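In what follows, a single structure is set out as structure tokens and then discussed.
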Amino acid sequence: MDSAINKEEILANFQQITAMDIAGSIHLLESTGWDLEAAIHLSLDGGHESDTKVLNHNFPEAPPPEIIAGTSRETYLNFNVRFKNSLFRLNLSDQKTIGDLKQNIMKRTSVPVCRQNIRGLLNFTMNDLQNDSIVLRSLNLPVENNVELNDLSNEGFPVDMPLLSPLNSELSYQLRIYYTNEDRHLNLNFPATKTLIDIKNDLNAVLKIPVRFQKWEGWPTNVSNATKLNEMGIEPIHSLKLTCTSNEGSSSRISIDNAPVEIHDSDSDSVEEFEDAHADDDIFTETVHHNRLKLLIEDKIEDEILGSLQFVNNYKERYGNGPSFFEGSLEDAMKTAYTSKSAKDRKLLAVYLHHDNSVLSNVFCGQLLGNDNIIKLLNENYILFGWDLTCESNKNMFLSSLTACVADSASLQIRNLPINQFPIIIIIRKYRSICEVADIIHGNINGDELYIHLMMNSDAFNEQMKVEIREENERAAREVLLNEQKQAYQESLLADMAKEEEKLRIEKMIETERQKQEYERMQVEAKKEAERKNAENSLPPEPLHGDAQKITKIRFRKPTGEFIERKFTVDTQLKILFNYATANGFSPTEFKIISSFPRRDLTLLDPNDTLKKLNLVPQETLILEER
């Protein structure tokens, strides 16, 4: 099963890169012993079959036009442009013009508009090509458009452009096959003339699943083994499910006229002949589940450091040779990269983000990150942090950490990336305390391009560090010179500094004490004011009229000789008298309240006694005396 999985991944990655159909892809891969890089180089050198078709890459489909209240909304069209053995994608609104399309192509290829020869667009004539003002919507283009671009000379001939097969000369079908046993997706391209039995045999060549063990879901009900793709009535992009029903044991079960029959290993040849002859009966079946590939980080990991350790161990176990990944959190990796005291010891931070559902992941890890030159470049110039985004919970944990360490804009760049752009490497740069994403390297790249990307970022960072290293060296040189010039005055300088420091210390101590006293004074004043307010608010209304027998007038003589007076009822308690004194700024805690005859300190008496009981009627003069 391992060899089948390996070939399936190699085939998918080869088609993704070279745009060949499955027959040509298998032919080249088998001729190179399933060596992916050798097959790619062979295809670029013209070693592919003449009937090679262009692959509709696994890009997300643009949404169909939406109709609301009879008015068509803006729709986005996808243009898959083939140019010089490479394929790139443009996404434009159908409200844009042909001129806009040409301008976007020029930005991606540097081919001037006047030299662009575009072929392959449906409903697109040479007259349309000359009129840049025509709106794309008026051409009724489909959502997905495959086009071929030639760079013409001034005489109208191609410039350094290999001859390509005309696009759309024969309809090509992309079968999106979900292989349930391994929980994997295959996007394979087939010519329109392929029959169902041809496709089954091709899948056997790739996955090593004999036809007798292939169970399919998704084919039309009226097809047979001899039916061609263009006779089935399916769309150019069609989804299917494939299950291998082999138990890898001593027997297999088939059904003849609804009667189960057990066939042992010795009968395997006859079983294959029987089931190949009756493959029509195997189109719709139940799913048989097998254990999927072990994740690099288990689902719903609760600790970032533990997830990092799992990633490092599982990556080594799965891919073997590779660069050295940092073991710890993203924040720790960033500190290790950028907080070295000397600028010459600092490194760039590279974050590798893996996704098992991307067909590019295995070839990226096995071929690119396993390359000795790339490993050396990463280990010497980068701190490499790795994380697996296959599980949504782990993706959210990483994005939260990225937001905290870099910026919210950085996590937004990653959050909405489609799976087919993974794996990616994020280059994070820090300069003058500012962190930012310097580069994002996508998985659809070859080894040379990856090396160039990493080297360019490293060179740019080293140039940046040269400035800081030069500044550090200049500072060090100035310090040495300063020490040499002032060596004779060092002792006096230290003495002066000590005196100044002592002076500042004393001044600071005095200022601190003054502030402390001022604060305490303000606290006391605030407390007094609060007590005065409370006392004032607790005073009963002054009795201005009434029975003279029930009213007494109390006069207070202040320490300054001035008087204050107020009337009270004779049954007023002594504590009300204290509150009146407090309300006027003479708290019993600071002042004695002395009666003249007999002389006594009223603050020592029971505060609940009434004025009548204390014989402070019908009037009395009390003396306020500071304690």
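Including glycine, each Cβ sits where the backbone N, Cα and C put it.
Unlike curated entries, TrEMBL annotations are predicted automatically.
Quantities reported herein were computed from a predicted structural model and do not represent experimental measurements.
Range 523-551 is the one annotated as region 'Disordered', of 262-290, 523-551 (source: TrEMBL). Among residues of the same chain six or more beyond the compositional bias 'Basic and acidic residues' (523-535), those with a C-beta under 8 A of the stretch's C-beta atoms are 578-580, 582-583, 585, 587. Residue counts of the compositional bias 'Basic and acidic residues' (523-535) by helix, strand and coil are 13 helix, 0 strand, 0 coil (DSSP-based). When averaged over the domain 'UBX' (547-624), pLDDT in the model lands at 90.
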